[in-house]
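Colleague: I have a structure I would like to understand better, so I am pasting it below and will then ask my questions one at a time.
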């Protein structure tokens, strides 16, 4: 089969059969718009420089060692550490006691115990340690009252005795028996 040459004639296949005529002003406006769009293909002017500056600033901020350039004075002679006085230690014991009494977790666990709930071994151990520490601190600060024996009971009164009977018993006591 022989080859057929393409032609630009309006009757040829693929080419429009009618010709559009535009007036001069439309063509000029379109041309200017195309030219302007062609000029603005790339990035905005100066964007290369401003982006690079920002990146350099960020990189410099990340790389800079915070220890360099410190204005803090460095002592050349090491001074010996003085021990805390008894009053300072007492103050710190008071602070520790205050912290333990205000411990939210300990308070919640104590509330659970009072409600009759059984705690796990770890939580029970934690509560016991904290309560022991509170007791030691209170004893150290002199806030702990000596415990009285709860098992001690007053001797049972045999019947009702009046003052005359008690006075008679007192008079009958022989104090010579108690001399050593």
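Backbone N, Cα and C define each Cβ position, glycine as well.
On a predicted model such as this, the values are computed, not experimentally measured, just so you know.
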Colleague: Which is it, of 109-144, 145-180, that Swiss-Prot names as region 'Disordered'?
Modeller: 145-180
Colleague: When you scan the chain for residues with a C-beta under 8 Å from the compositional bias 'Basic and acidic residues' (80-90), skipping those not six or more beyond its ends, what do you find?
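Modeller: Beyond its ends, the compositional bias 'Basic and acidic residues' (80-90) has Cβ neighbours at 140-141.
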Colleague: Counting only residues 6+ away from its ends, which parts of the chain sit with a Cβ under 8 Å from the compositional bias 'Basic and acidic residues' (23-32)?
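Modeller: For the compositional bias 'Basic and acidic residues' (23-32), the far contacts come to none.
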Colleague: With helix taken as DSSP H, G or I, strand as E or B and everything else coil, how many residues of the compositional bias 'Acidic residues' (165-180) land in each class?
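Modeller: The counts are 12 helix, 0 strand, 4 coil.
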